[in-house]
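Taken from Swiss-Prot, the feature substrate binding site applies to THR239, LYS259, supported by similarity to another entry. The Zn(2+) 2 binding site annotation in Swiss-Prot covers CYS624, CYS627, CYS630, CYS646. Sequence annotations record features per position, and here Swiss-Prot assigns compositional bias 'Acidic residues' to 410-430. Annotation comment: Swiss-Prot describes 961-971 as compositional bias 'Polar residues'. Per Swiss-Prot, domain 'F-box' is recorded for 1059-1105. The phosphoserine annotation in Swiss-Prot covers SER57, SER474, SER477, SER497, SER951, SER975, SER979, SER1018, SER1031 and rests on a large-scale study or a structure entry. Here Swiss-Prot flags THR493 as phosphothreonine, drawing on a large-scale study or a structure entry. The region 'Disordered' feature in Swiss-Prot is assigned to 1-25, 410-465, 727-843, 855-1034. If you look up Swiss-Prot, you'll see 1248-1277 marked as repeat 'LRR 5'. Feature annotation from Swiss-Prot assigns repeat 'LRR 6' to 1278-1302.
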Amino acid sequence: MAGPQMGGSAEDHPPRKRHAAEKQKKKTVIYTKCFEFESATQRPIDRQRYDENEDLSDVEEIVSVRGFSLEEKLRSQLYQGDFVHAMEGKDFNYEYVQREALRVPLIFREKDGLGIKMPDPDFTVRDVKLLVGSRRLVDVMDVNTQKGTEMSMSQFVRYYETPEAQRDKLYNVISLEFSHTKLEHLVKRPTVVDLVDWVDNMWPQHLKEKQTEATNAIAEMKYPKVKKYCLMSVKGCFTDFHIDFGGTSVWYHVFRGGKIFWLIPPTLHNLALYEEWVLSGKQSDIFLGDRVERCQRIELKQGYTFFIPSGWIHAVYTPVDSLVFGGNILHSFNVPMQLRIYEIEDRTRVQPKFRYPFYYEMCWYVLERYVYCVTQRSHLTQEYQRESMLIDAPRKPSIDGFSSDSWLEMEEEACDQQPQEEEEKDEEGEGRDRAPKPPTDGSTSPTSTPSEDQEALGKKPKAPALRFLKRTLSNESEESVKSTTLAVDYPKTPTGSPATEVSAKWTHLTEFELKGLKALVEKLESLPENKKCVPEGIEDPQALLEGVKNVLKEHADDDPSLAITGVPVVTWPKKTPKNRAVGRPKGKLGPASAVKLAANRTTAGARRRRTRCRKCEACLRTECGECHFCKDMKKFGGPGRMKQSCIMRQCIAPVLPHTAVCLVCGEAGKEDTVEEEEGKFNLMLMECSICNEIIHPGCLKIKESEGVVNDELPNCWECPKCNHAGKTGKQKRGPGFKYASNLPGSLLKEQKMNRDNKEGQEPAKRRSECEEAPRRRSDEHSKKVPPDGLLRRKSDDVHLRKKRKYEKPQELSGRKRASSLQTSPGSSSHLSPRPPLGSSLSPWWRSSLTYFQQQLKPGKEDKLFRKKRRSWKNAEDRMALANKPLRRFKQEPEDELPEAPPKTRESDHSRSSSPTAGPSTEGAEGPEEKKKVKMRRKRRLPNKELSRELSKELNHEIQRTENSLANENQQPIKSEPESEGEEPKRPPGICERPHRFSKGLNGTPRELRHQLGPSLRSPPRVISRPPPSVSPPKCIQMERHVIRPPPISPPPDSLPLDDGAAHVMHREVWMAVFSYLSHQDLCVCMRVCRTWNRWCCDKRLWTRIDLNHCKSITPLMLSGIIRRQPVSLDLSWTNISKKQLSWLINRLPGLRDLVLSGCSWIAVSALCSSSCPLLRTLDVQWVEGLKDAQMRDLLSPPTDNRPGQMDNRSKLRNIVELRLAGLDITDASLRLIIRHMPLLSKLHLSYCNHVTDQSINLLTAVGTTTRDSLTEINLSDCNKVTDQCLSFFKRCGNICHIDLRYCKQVTKEGCEQFIAEMSVSVQFGQVEEKLLQKLS
């Protein structure tokens, strides 16, 4: 069911004047109140009906002319009804609700006793901006013209703080729902509201916990997000009569300012009058309060709290600038009225996006919760019982958890895991104390036999895979379902709720609840099948309805007086809050690392932030003054908002703070008290990068495992406990790691030179060992099977803006199993299995690294090695790694086994996800070698920077390979192999340059790797992490540009069937069918088979891709865009980075329309390269930081031309439409546009405050290309443009559209004069005031 969007109707807007033509045609409209508390769902105004997906901001402006005097209605003595009851907060409790049912408006002059929490008295609109975010987009309505628009909070606050005399328009913020923002914690609802709200007491709790999106985007909404709103209105705003959406009740606290309400009771006669008034289209002529029998006007002053019951018709006026907090609720004590209002919305055809979200889904959950709480019989699915009902059960590993970034990803990744069998003996005792309860999966019934019951209890039936194809997928909670014993005969409904023990006492329901349940059952039964909206959590809707009917029958004679207990019948069991580190954001967590991190962080003792080492090059230098952090600093003239240190000063190796102590013994590090290396290590504090425990290695009691030291960060390792458990975590580095090599006189460069000099002293020794390595490896060739190991890298260099796409749990566990199968016969038995490789890497990164492994065909490695040896003779320093024993680390580079067998079994799955990582094997190793390992670790610990510099060059090569792989945009992404023995199909030309990839990913030729044998175990054994990578040979020239590989084979023309025959319909016929499907349906079709997967990715089906307002752009999205090769791409108002956009445009040569409005200039600057495609349309409206200097960079010819590319023209020379609204540009930018955009036809310059008449003179001057090419220009809200600009437009021979609306200095008379003067040659008309259009 569709729900509210970010937009909605305003609180205080006068109705529009109806056109005479509309009156004749009897067209009706409804303008809906959405997320408003004093104004409700239907906003009765008169407007021509438009498609619900149409952008209503383009509706022509209609000046409001009321048929009544608002001032008269404010003074009139006719509205003297006495509906509102004054109460004190202490009397407003749940017992009052059970007795009176919330049917009359209530006013509280003091908030004491209500349980309300509000911000400090000096809280202002500016503070709202700081807490919800200055860039948060809010829907704003122009009260006079009724035109809705979007503003950032920063823009609206500037308007709100403008003195009243200087406001040329009346703007009102509508629907700022601030749940899941920092403001949420400063505002608390009345206690009674929390007790009766369906969202809190009926909706599954785990879905609410999944909500992370602060806005009301329906695609990201996990529950009806209508709990807390902030309303900001200026003096003079007025909202005509309306009812709140869905029949919701409203709580309303006037924090600052005041309000005046007109109230009409929801009698059947008044509701009929209201519906007739809405459909009449005469709202602006008739004041509804004059049509009804009784109406009450009441004034709310600052500090008042107001409660509006369901269905009450009300209008609102704002006499003074006001700030109001409130919210909407559905509850169980006036359900018939709520349903009646929802039916009125149906009849008046209110748009879905302006209505209560998930309305009927909520009704189903209400019935289920009542049935469960009075009968202890649940109709939720097993999954939902585990997640929300919190029935005690053995804890499932958090690795089964799963989070999804968007609706599209959830559709593309169907979760096919099966529920685990959950039986434990220690549950039996507690099971006896519980009320008998049947299984909730509907597998048994009262009529089933005892043997069937026992069978049903003995093993839970597996839920079908389709059950998990949910619209909203959830993370596994801490607790899951507990199996209970089943009684053959159901007892009569006992009292109690999940939160309390079941007793023999009967639960009495109030007459209001019984009437509500009956109305809900009748309504849901009357709905057609396609409108029942049964939510995913309900197992059997028909059984639920029967259960409710039984409850109504049993409770028909309940005593109303005994039902008034002051205690809610329906509550969720109290959930113990998870401990969360202070300030930790509630981001989406992955299955393997992040979920465990949050749970284990509390065990880390006195864990603190790492601090500067104050010794590295970065710590000792001063600010650069050039990076975006420096430019933000106040001392460099910035606003000082980021509060970040200079990028070049970010510490390379931050250290543990001096307050850190051991979790076991509680003492600090004592490594300075001993001399020997092993003793030093046992006494130094080490922080685990997975569980974050800080501990002395000597204090650990685990003897049968090994720790893995992180050479990139001081005092950092993967502790033996996590390593033994197979847990995965990202390799940590200092924040300044990726900038270290850029520092002038960097120590990394010096160390590299020193290393070259030292290693150059032993060339003969290295050559002899290099010659022995191939012989050793060829002997082991027939019995070694390489695991698909990959190089693990910090995400800062390769991942796009640190976005991760975590793997599905079944893939993770599947690779673990595969890992154990791939262990070679010679591997040591004492080694623990390694965790799955790449669990924290993006699928695109994993697939690109898999590309390296596919470069080497079996049997060719010896030949390739001989070629490599010749090319490496001049780079002997690289050979030093050959005689170094490979150290084991968490995710081994490439593989440590000799070479691939003749035929490697690998599915296509390896292209899109991480391959498995087998355990490393170690050959024979004597005491001498072991001693060398320890001594080498002793040397390397203080020289961590060495490995960092060695990794940088190969990282570039890996990145380049990833880039080239990305161009295979039609490669299937089938996630499962067709058969186990199927060899992966490589695209043609994939091994054309095998010499570039013949060495291992850590820089060592694969033939030079040798295996280390088993050695005596020293508990706990600590092994240093090797350098992540080694630079490639100097003789290889690194390409700076993307090199596109040859195209892969075309998709098949027919669809193969199971019997080997081809389907009768060929590809082109299927493509014709696919062309009618939406993108969402295409994604579903892509999961059918490999052939459909390739067909559905045809670029003809994806000419336009729209990601506007997408909260995060992940690598998976980017790879999907590349694969589909769109012509038009909308990335407006996203947080895409420069690296991501550069990566995209390098691979989209056919892109023609690009929308980047609302992005940052840092991201848009990616277009200043020679790889920018020849765009036709470019939208950079409201790009932050885009001024004249940046426009010069954007329009000037690129300086990074490819070799042989001599074109010195701008890459934007083909632009036909350019949108620059809201930019701080001057005539200098317009001169560049004239020079570099000869084909420009449509130019949008609205809200550009520096555009003047002289700017128009430039655009239309003699000799300019724009004089003849310009057909449309938008100058709305350009306050410096006057009537004189119209005389310049007479020069343009092809001008057809001139938008001068809201230009203060442009007059209506000037426009009419322009039309008269142009009528000689061209007929122009004024479609709207100051909107000039050429008449055909």
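Every residue, even glycine, has its Cβ placed from backbone N, Cα and C.
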Entry from the binding-site residues list LYS259, CYS646 having the most other CB atoms no farther than 10 A: LYS259
Rounded distance in angstrom between the Cα atoms of CYS630 (Zn(2+) 2 binding site) and THR239 (substrate binding site): 47
Cβ neighbours within the same chain of CYS624 (Zn(2+) 2 binding site) - under 8 Å, at least six residues apart: CYS630, CYS646, ILE647, MET648
For the Zn(2+) 2 site built from CYS624, CYS627, CYS630, CYS646, further residues of that chain with CB within 8 A of the site's CB center: GLU623, GLY625, GLU626, HIS628, PHE629, LYS631, ILE647, MET648, ARG649
Helix, strand or coil at CYS627 (Zn(2+) 2 binding site) [DSSP, three-state]: coil
Distance, LYS259 (substrate binding site) to CYS627 (Zn(2+) 2 binding site) (CA atoms, angstrom): 48
Whole-number mean of pLDDT values that fall within the domain 'F-box' (1059-1105): 86
Cβ packing number for CYS627 (Zn(2+) 2 binding site), 10 Å threshold: 19
Mapped DSSP class for LYS259 (substrate binding site), helix or strand or coil: strand
Cβ atoms near THR239 (substrate binding site) (within 10 Å, other residues, all chains): 30
Other C-beta atoms that fall within 10 angstroms of the C-beta of CYS630 (Zn(2+) 2 binding site): 21
Secondary structure content, the domain 'F-box' (1059-1105) (per DSSP, counts of residues): 24 helix, 7 strand, 16 coil
Conformational class of CYS646 (Zn(2+) 2 binding site) under the three-state DSSP mapping: coil
